[in-house]
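Report on one structure; see the data block that follows.
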C-alpha cells in the first residue's frame, strides 16, 4: 500500500501498535529542511515485543556519504543527513513491492517530504549477525546496506558522528543538492507477521576497490536483509555517482563495535562518538586536507587521574587534549662553556591561561600535508653521527603492530605526531674500568657545538665498574663520587639538572634533564638488583630509574651482566631476574616492561662466536663488520629468547668497543688476547599496542621513537672499553604539559620585603607537609643545589593561592639571576618552576667576611680534597646552607664532623628537606671532679664543646661502626678537629698526633 501520511502529531518513541502510523516529529510535507529528533537514539526496552500486525519503520542510510564500515559485532550507522526519501522494501523471497512514484513533491527542493510504503511480506530476520538494529520500543529498523557502498565523497566536519548522549545538531546551512540519494534516508514499513527467513540476494551494485582490511570489516553487511537494499538501489539508479577507486590511505570511518544486551535484544541505535566531546576519540588520517574546522586538529589538553578509564564524557565537560605546543629555548652556542642562560620563551604550560585545564593549541600549517598510512618518515639527517651514512639511519619505530592495520584502527596519532616538536633523549653507556674520569666529556655528551648540540632534552648516563673499593665507597657515601661531579659540572652550564641517580657498588645511573622540563617529569623512582655471587654481591646486576615524562611512562635500565664467551645463558638468566625483581610503587607501571618505553643499556658482555681472533681483527680492519653481526650473541638471541621480544637496536656501524689497551686505540695485546666484541649496547622497547591501556587511561600505542645516531667514541682511552652513545627522538600523541604548581614572583628583588612568592596548586596535586620552595642560581646542578629555602605553607590566602616569604637573612647578597622551584616530596622532583629573575640586594660586611673566611679555608685544602670535592654543589639541608658548600646532592657539608653513638631518644624533631642532615642537641662530655674537661671536651670560642674523642681501640672495632652517627656541628661554635695537643695522647681518635693531623687535612674537613 502506498500513500502519504498526514498524521505526525505523536512523538517518536511511543508505540505505534494501534491507529495511524506515527510520524517522526520534525518530518513534514513542506519543502523546509527536515530535522531528525534526538529521541531516535533512546535505548530499547529489553522485553518489549511487537504485535503481529504492527508495522515497523525502517531507516537505511543511502548514498556514498552514508557509507560506513560495519564492525565485527554489528554496525552502528550514523544518520548521514536529515533528508529522508522513500524506498520500498522487498520480501525475503526476493519479491519487490511497487516502487514509489516520483512526483513533484519529491523534488530535491522539497526535502522533508516522505512516501510511506507498506509491505505485507514476512518480517526481516532478527539482528543475529549485525544486519538490523531495531529498538523494539520504537519499531525503528536501520539495516545496513547489502554489499559495499561507494566511498565517502568528502570527510568534512558535517560527518562528525555524535555520541549516544548528545543530540544531533543540524548543519549550518542546508541547501538544495543535486540528488536525494547522496544524503538521504530510506524509510519503509514492514509488517511482522511471518517467522524470519533468510533474505534474498541483493541487487548487484558497483563495488569500490577496497583494501583487505576494509573488505573484512564490510563482510557482515553482505548478510543484511533485502529490505534495505531496495531502497538504496532505487535511489542509486536515479542519480548515484559512479564509484571511484579507494586509495589505500583512505578508509571508512570505523565506529566502535557494540554488543547486544544481555537478554538478546538488538543493541540500541548508537552512533560514533563526537570527536569534540568524546575523550576516546583520536585524530584519524583519512582526511587528505586539514581545515580550521576539521575535527582531526589537536585539542587543548586536560590532565586526568592515572586511573581514569575511557568512556564518553558528559555534556559540557572538557576532553583530554592530544597535544599542546611546548617551547624549546634557544640552542647554546658552539662554545664549550655556553653564554649566560637567556630567559626561555614563555610557554603555554608556564604562563597563566583562562582555564587551568586548558592551554592553547597550534594547529598544523595549512600547507602541511598529512602523512599517508604505510609511510615512515626518517628523522632529520643532521642528527646522524659522523660515521653513519644517511641511508643507514633506522626508520622510525611506532607502537602500531603493523602499518597495514592502521587503516582499520579506530585511532591514529600520526597527524598529531607530525606537529609534535619532539623530545630528544641521549643515552650513554661506559665501562670505566675503575679509572679516574677524564678532563672533558663534552664530545661524549654532544655538547661541544655542531648541529646536535641543542638536541638533547634528557640525558641518561650508565656507568659500570666505577671504583668501589672500601676507602672510595666511604668517601662516596659522604660526598658525591668523582664521575657524578664530572657530569654535573659538564652539564650544568647547559641548563641540565640532575633528576635522579642510583648506585649499586660500581654500577651508576645518572639522569639529567633541562630545568624547564622538570615540572612535567613526575613519579621519579629508582631500584637496583644484585646478581653477583648468587644475588649477594652488587658487582653485577642492574639499576633503574623510572619516571613519567609528559604523561608517558619511561624506564632507564643500566645493567652489567656476567662476562666471558660461555656465559650467554647466565646473562639471559640475570636479565630475567632483573626484570622480575624490580617493581615500582604507585598507580603507574609497576614492572619494567609495563612502561611505555624502556631503554636497556650497559655492559651486556655479549661476544662474537665461531670466528677466531685473527678473522675478527681482519673484518674490523677491512670494514666488513656485517660479517661479524651474524655471529654476535645478542643478535642471535633476539630470534630465540622470548625475553628479548620487542627490543630493538640500531645498526652496529662502529667497531667493537672491547677490549683495548688502556691509553690507546689498539685491541688487547696482553697474554689473554681477548677477542674484540660489542659488549656495550643500547636497546629500546616500545610497549606493544595490545598491552592494554596505559596507567593514564589512554591507549598504549601513542608513542613514536626514532634513533638518529648510534656510535662509539674512540677518543676516550682511560678504560679498556669505549663509550657508546645513542640519540633518540620521541614524538608523543599527546602531552600532559599542565604544571601541578604555578609560581608567581616579581621580575626583580631589590629590597628584602619583595621576596614574596605566590603559588597556586591544581586540585589533583597530592601535596605533602615536607614540600618546600627553593631559591636557585641559574645553572644549578640538582634539585637540592639551592641558595635558600622556605617550607611550603598550605594555608589558603586568596582562593586557591598561597603565599610564602623568604627571610632577609636567607637571601643572597649582591646581584645575580635566580630561579624559584617547588620541590614535591611525593614526586621527588621540582614540579613547579619560574623563569629566571634578578636579585639585587646590597652586600653586608658580614657576608663579605664570611666569604673571605670560606675562601681562605678552601685554599688550605690539598689537591686530593679539591679533586674529590667539587665546589659548585649546594647543600640539600636548609640549615646554614647559604654560608657553606656541600659536596653531594644527598648530604650536607661537614664544617666539623662529630662521631657519637646514635640514640633514638635523643633524635631531634628538626624538619629539613634532607633527612641525613637532621641535627641533634649537643651534649657536653662528662667532666672530672676537678672541673677540667677530659679528652677533647675543650670548649670553642663560642662556648660550645668540641667533638668527642674515642680511645684508640674504637676505630679498629668494625662492630661499632653501625652505631656511629655522622653529624654537622654548628660552624659558629668553633668545633674543630684540632683540640689541644696535650689532651690528644690518651683519648685521640688516632693513636698518634700525625694520624690526627692527617685526618684534619683530609677530605672530610672544610
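Every residue, even glycine, has its Cβ placed from backbone N, Cα and C.
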Inset, instruction - State the residue range annotated as motif 'SH3-binding' by Swiss-Prot; the candidates are 327-332, 345-350, 363-368. - result: 345-350
Legend entry - 211, 888, 990 - residue that Swiss-Prot labels as phosphoserine: 990
Legend entry - Stretch carrying motif 'RSXSXX motif 4' according to Swiss-Prot (options 837-842, 861-866, 867-872, 885-890): 885-890
Inset, instruction - According to Swiss-Prot, one residue in 290, 850, 903 is annotated as phosphoserine; name it. - result: 903
Inset, instruction - State the residue range annotated as motif 'RSXSXX motif 3' by Swiss-Prot; the candidates are 874-879, 892-897, 904-909, 952-957. - result: 874-879
Legend entry - Swiss-Prot annotation of motif 'RSXSXX motif 5' - which of the ranges 827-832, 911-916, 917-922 it falls on: 911-916
Legend entry - Secondary structure content of the region 'Required for ruffle localization' (729-840), with strand meaning DSSP E or B: 3 helix, 53 strand, 56 coil
Inset, instruction - Find the average pLDDT over the region 'Catalytic' (425-728) in the predicted model and report it. - result: 91
